[in-house]
């Protein structure tokens, strides 16, 4: 697969995931929708491994990766599905825009990475200001928004923590093995959650949009999206891959407004732009300021 096509696939899949979560849980309970989605992904993933003759790595470090990944895939994803009952797909996508910044904060503690520079601290404040604008408006017009934002915040924290913990494990894994192994570890959690919180199927209430959304999420969001993401991580520079997190909230919010008639407002636009700006400063701010300082000092020497 060409790298440019893989990059486009990641952006499109990640952008449509929040809307897919909303649609798939419209007429199917969130826990059952998630269980079916991941069951489809795991089944096709195992089949693909068989066809490609890829063995599931069961080493100690590989199992650690699967377990750490399941923090986001199981518990984190459950909270995302709960959030979809209260807030729009666009708001979910904007909230997830904070993931790279939050991951950087957690990496300081868990991976002993360097503390944030002044530029990155500013980027955090910009992004939080944008999120505050979006949250405040929605909590005024929607009584349930506080629950939605609480659930999505827990999901974002768990996704960020999961990525940091996985990064700390030194092991060479095939992307498909990572994806399928993590899904297999997560499946029992989905099953328990469905049994405890719901335990009913009620298939007569299912609508076609929800059914197709579950299938799409299983095949694309949970399988193809992960594979394409791991592929571009290997082929592209980190700064280029980081553009995905900047493009996704914008595309996702636009899709929600166009395809799902989600509410648009100046506050949403302002908050969204601030979050994207914060991400841009976080990813590229230090490099831009260092270039500016070098050019400034060079002109002074001349």
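Any Cβ shown, glycine's included, is placed from N, Cα and C.
No curator has checked TrEMBL annotations; they are predicted automatically.
Per TrEMBL, the features are:
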- 5-134: domain 'EamA' (DOMAIN)
- 148-280: domain 'EamA' (DOMAIN)
- 34-53: transmembrane segment (TRANSMEM)
- 65-84: transmembrane segment (TRANSMEM)
- 90-110: transmembrane segment (TRANSMEM)
- 122-141: transmembrane segment (TRANSMEM)
- 147-166: transmembrane segment (TRANSMEM)
- 178-197: transmembrane segment (TRANSMEM)
- 209-233: transmembrane segment (TRANSMEM)
- 240-259: transmembrane segment (TRANSMEM)
- 265-285: transmembrane segment (TRANSMEM)
Maximum Cβ pairs under 8 Å to the transmembrane segment (90-110) - stretch from the list 65-84, 178-197, 209-233, 240-259: 240-259
Using a Cβ cut-off of under 8 Å, list the residues of the same chain at least 6 residues beyond the transmembrane segment (209-233) that approach it. 1, 3, 6-7, 9-10, 13-14, 16-17, 20-21, 23-28, 33, 36-41, 44-45, 48, 175-176, 178-179, 183, 240-241, 244
May I ask you to check whether the transmembrane segment (34-53) and the transmembrane segment (147-166) make contact, with contact taken as at least three Cβ pairs under 8 Å and only pairs 6 or more apart in sequence counted? no
List the helix, strand and coil residue totals of the domain 'EamA' (148-280) as derived from DSSP. 111 helix, 0 strand, 22 coil
Please give the average pLDDT for the domain 'EamA' (5-134) in this predicted model. 90
Distal contacts, the transmembrane segment (65-84) - CB-CB under 8 A, six or more residues away: 18, 21-22, 25, 30-31, 33-34, 38, 92, 147-149, 151-152, 154-155, 158-159, 161-163, 165-166, 169, 171, 173, 178, 181-186, 189-190, 193
Go through 122-141, 147-166, 240-259 and flag the stretch with the largest number of C-beta pairs under 8 Å relative to the transmembrane segment (265-285). 122-141
Under 8 Å between C-beta atoms and at least six residues away from its ends: which parts of the chain pack against the transmembrane segment (122-141)? 87, 91, 94-95, 97-98, 101, 105, 116, 149, 265, 267-268, 270-282, 285
